[in-house]
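Visitor: Supplied in structure tokens, the structure appears directly below.
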Amino acid sequence: MKTEKRPLDTLEDRAWLGEGQSETQLTAVPGLDEAETCEADRPAWDSKVQYVLAQVGFSVGLGNVWRFPYLCHQNGGGAFMLLYVFLLLIVGVPLFFMELAAGQSIRQGSIGVWKHISPKLAGIGYSSCMVCFYVALYYNVIIAWSLFYLGNSFQYPLPWEHCPIDVSTNATVKECAASSPTSYFWFRKALNITNCIDESGEFNPIMTGCLLAAWAIVSLAMIKGIKSSAKVMYFSSVFPYVVLFIFLIRGLMLDGAMDGITYMFYPRLEILGSVQVWRQAATQVFFALGLGYGSVIAYSSYNPVNNNCHRDAIMVSGINFMTSVLASLVVFVVLGFRAKTIAMRCVAENLGLLSHMGSNQYFDPWINATDPSSVSLVEYRHWFSHHSSMLGPNITDCSLEEEMNKGIEGTGLAFIAFTEVMALFPASPFWSTLFFLMLLNLGLSTMFGTMQGILTPLMDNFTFLGRHRTILTVSSCALGFVIGLLFTQRSGNYFVTMFDDYSATLPLVIVVIFETIAVSWVYGTDRFLDDIEVMLKWRPPVVYKYVWKYVCLLAMVGLLAASFTRMVFKRPTYTAWNQATGSEMTLEYPGWALGMIVMLIVFASLPVPIGYIHSVWKNRTARNPLSEEGVGQELHRELYTKCSSADHLESLPRDPSEENEAPPRTAFLPLGNEHYRLLQQQEEDDEEEDTVV
């Protein structure tokens, strides 16, 4: 009768392997065909291009368009870019390479990867899934906003181009007159926002419908796994680049474009002495590559084992950075044009005011007050610097630099600043449609990766869910929509800000710290490099060993300490909209909101210690029955030996009873010519058991 060899017991037999060794590395020789059969059932990318587009689409998101330019703007321009590249090379690329290699070698999602490296670290994968779910909840709300603006772009003039008229007074609406048409449309027409987070307000029906449409799009694209989402990636990953280049070419033709680019690249090196600048640069590197989400691991797990993941890590990181630079060029070109337009409008208003006051004696011969458009900004500022002391308080300086210094990020950049500029373009509906289509595709490509970071680990780890992919996908999207109704209240924008600022930052840093510990100190960098050498047929530079063990780990611990310290000593705040004054104001979160922030962080981080405690408890409960059975009972264990070739395996002693046995259990990573096989335990009367090598 054929009998299959007994697999390693979950606890007692694993103990002798050592805490730093993963039994998944051990591959039985006779079962290679069986392993290939199992792997054949796993979905795979149709081509390398498909995989690269998926990784680039996930890592290149809305943060590249509205977060990176803002950080450059606020933190030294070109100096910040140099700091970003430095941290990208010594921290970002090594960690990205580590996740790619782990997913590709073990061919599992985040839960399976860290569970097989060490059962005590299984909670890392669950924490990644939890953070992915947080991000998916509010990220799809941003996609819903993009859908709303996209729908409103098919009309001329654009609805945010002019302030509406109050029919009761036949005058401009006060809130719009006190702010701007684009700000009014965003805060009142789109969000219908309350004055603070304490005022929840009713649901916004239009945004609720847009959120439902966003989740429906994600569900349909993900319903067949990577087979369906990868098809969408061909468009969603490439289209944003087409739009960015179109906007760059159009923007370079605008007045003030070169002023914006000069402002962007001018280096202010003194700012590099600030700890907060280093913290923000490290955080941006961290989030730009999508580290810790599990999506990078999930995508790479669908690769063939011999794929060159080292080249992929460098290529995707490089594309990500160049995309950030391209997006920054577009943003600063547009902001330069906007600042120049505002400054010239200021010049026209001041000259018109002086002309009506009859103050022509102050004008120099080259100042034509009757035709403000003929006066350049440089001429006006030169004139103002000589006559400002003789002018009244109503006549002000008009500075382009002052307008550029007003940093705009996030939703304010996309839904206020850019919409204001596009309203000035000829054929403004076309440019608006193009821009929000780009935002929609940027959001969707990142959303697909985020959902893959949730679904792939669950399907790999739970067989029942793996057999019902469609039900799992649809139910996950339905749950996301129901919980996402929190963000479609009138106060929903404040919760989006809360989730964006606090739900992912600390938990993801904690996750990556434990990932680095798992690979570097538990599994071992030398053995991890051995696995990579088998996959790539060449060994990565030894510098990775020290970067993973020390540089990355210390950098992540420093980032965690800096982020936690800032959160503790600086009370969290948010930006609210005051309807009466038509302006933004900074408010502190109330006590219940602070409690919610703490709970979000705790719930996302809790699986790591829970997984460790569960593994330890499982160890103890498994040992107790063994100790009660008596000391005299013999424990049968199968020992492993590493063989350099199949020929050497044939020379090893074999038990005749093994001839009819079924192939033993195989692992995830075929190790080429280096295989492991099981040896019979040898017993000696007067000596302890020893391993035959």
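Cβ atoms here come from the backbone N, Cα and C positions, even for glycine.
Sharing the features that TrEMBL gives for it:
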BINDING   G57, V60, N64, L442  Na(+) 1 binding site
BINDING   N320  Na(+) 2 binding site
COMPBIAS  648-657  compositional bias 'Basic and acidic residues'
REGION    648-667  region 'Disordered'
TRANSMEM  51-69  transmembrane segment
TRANSMEM  81-102  transmembrane segment
TRANSMEM  123-150  transmembrane segment
TRANSMEM  206-223  transmembrane segment
TRANSMEM  232-254  transmembrane segment
TRANSMEM  285-302  transmembrane segment
TRANSMEM  314-335  transmembrane segment
TRANSMEM  470-488  transmembrane segment
TRANSMEM  508-525  transmembrane segment
TRANSMEM  546-569  transmembrane segment
TRANSMEM  589-613  transmembrane segment
Visitor: What is the nearest of the binding-site residues G57, V60, L442 to the residue listed as 'Na(+) 2 binding site', using the Cα of each?
Guide: V60
Visitor: Determine which residues of the chain contact the transmembrane segment (589-613) at the Cβ level, with the cut-off under 8 Å and only residues 6 or more beyond its ends counted.
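Guide: Same-chain contacts beyond the flanks: 120-124, 126-127, 130-131, 134, 197-198, 498-499, 502-504, 506-507, 510-511, 514, 571-574.
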Visitor: What else in the chain is close to the transmembrane segment (508-525), if you only count residues 6 or more beyond its ends and a Cβ gap under 8 Å?
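Guide: For the transmembrane segment (508-525), the nonlocal Cβ contacts are 19-22, 95, 98-99, 102, 114, 117-118, 121, 124, 127-128, 131, 286-287, 291-293, 544-545, 548-549, 552-553, 556-557, 559-560, 563, 605, 608.
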Visitor: What are the sequence-distant neighbours of L442 (Na(+) 1 binding site), meaning same chain, six or more residues apart, C-beta distance under 8 angstroms?
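Guide: Those within reach of L442 (Na(+) 1 binding site), by Cβ under 8 Å and sequence separation of 6 or more, are V60, G61, L62, N64, V65, S236, P240.
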Visitor: Please work out which recorded stretch in 51-69, 81-102, 123-150, 470-488, 546-569 has the most C-beta pairs separated by under 8 angstroms from the transmembrane segment (285-302)?
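Guide: Going through each listed stretch, the top one turns out to be 81-102.
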Visitor: With Cβ distances under 8 Å as the criterion, find the stretch in 123-150, 206-223, 232-254, 314-335 that has the most pairs with the transmembrane segment (470-488).
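Guide: When the Cβ pairs under 8 Å are tallied, 206-223 comes out ahead.
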Visitor: Near the transmembrane segment (546-569), which residues from the same chain, at least 6 beyond its ends, have a CB less than 8 A from one of its CBs?
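Guide: For the transmembrane segment (546-569), the list is 87, 90-91, 94-95, 98, 275-276, 278-279, 282-283, 286, 502, 505-506, 509-510, 512-513, 516-517, 519-521, 525.
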Visitor: An 8 Å radius from the center of the G57, V60, N64, L442 Cβ atoms defines the neighbourhood of the Na(+) 1 site; name the other residues of that chain inside it, in order.
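Guide: Apart from the listed residues, the neighbours are V56, F58, S59, G61, L62, V65, S237, P240, T323, S445, T446.
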